[in-house]
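Asks: The annotation domain 'RGS' is assigned in Swiss-Prot to 41-156 on the grounds of sequence analysis. Residues or ranges marked as S-palmitoyl cysteine in Swiss-Prot (evidence: similarity to another entry): Cys74. Look at Swiss-Prot and you will find Ser24, Ser41, Ser176 tagged as phosphoserine. Taken from Swiss-Prot, the feature region 'Disordered' applies to 1-35, 157-181.
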Amino acid sequence: MFTRAVSRLSRKRPPSDIHDGDGSSSSGHQSLKSTAKWASSLENLLEDPEGVKRFREFLKKEFSEENVLFWLACEDFKKTEDKKQMQEKAKKIYMTFLSNKASSQVNVEGQSRLTEKILEEPHPLMFQKLQDQIFNLMKYDSYSRFLKSDLFLKHRRTEEEEEDPPDAQTAAKRASRIYNT
């Protein structure tokens with residue numbers, strides 16, 4: 001089931017949607033109640049560019065942004081068809097996230113089995129097991145904390161305020177209380 005969800009994610013979103021320079025959505029305005037979608041599953045959060053942006057902000061504060069960056073890089077890698085590009089991306093993923101000298105090393109089992117020699121013959125699912133480990137780490141650790149974080153709750157409140165502005169009667173009652181005191 002998990003692999004199908006990840007595969008579904010791979011097909012739905014082109015790489016450019018998740019790799020905007022600032023991580024923001026190209027539409028500039030998100031659908032109503034996106035936080036409700038984000039809260040329903042990590043998959044839904046990762047399908048939404050604004051959700052990815054907020055999750056990255058949270059993970060950066062937790063010093064674990066490399067997890068979502070690795071996951072996103074693997075999603076992009078799986079969509080690569082050109083063998084030369086695939087080889088270049090595989091080496092970049094390895095050097096950035098998996099090697100002992102990685103600048104943003106992720107903590108996964110089995111990374112030592114991936115050697116530069118294996119990277120010379122890459123295939124789209126070569127990082128799948130490691131990506132699944134990181135997904136599960138995020139799902140059962142970071143994601144639940146994100147949903148309780150000030151960053152998420154503030155975004156949800158802002159979204160609710162934009163959707164449900166106080167009606168005129170409520171505003172009039174507030175005004176009368178202010179001026180009658």
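The backbone N, Cα and C atoms fix where each Cβ goes, glycine too.
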Asks: For the domain 'RGS' (41-156), report the average pLDDT of the model, please.
Replies: 92
Asks: Roughly how many Å separate the Cα of Ser41 (phosphoserine) from that of the residue listed as 'S-palmitoyl cysteine', to the nearest whole number?
Replies: 19
Asks: Using DSSP, how many residues in the domain 'RGS' (41-156) fall into helix, strand and coil?
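Replies: Tallied per class, the domain 'RGS' (41-156) gives 84 helix, 0 strand, 32 coil.
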Asks: In sequence order, what residues of the same chain, 6+ apart, have a Cβ less than 8 Å from the Cβ of Cys74 (S-palmitoyl cysteine)?
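Replies: Listed in sequence order, they are Ile93, Phe127, Gln128, Leu130, Gln131.
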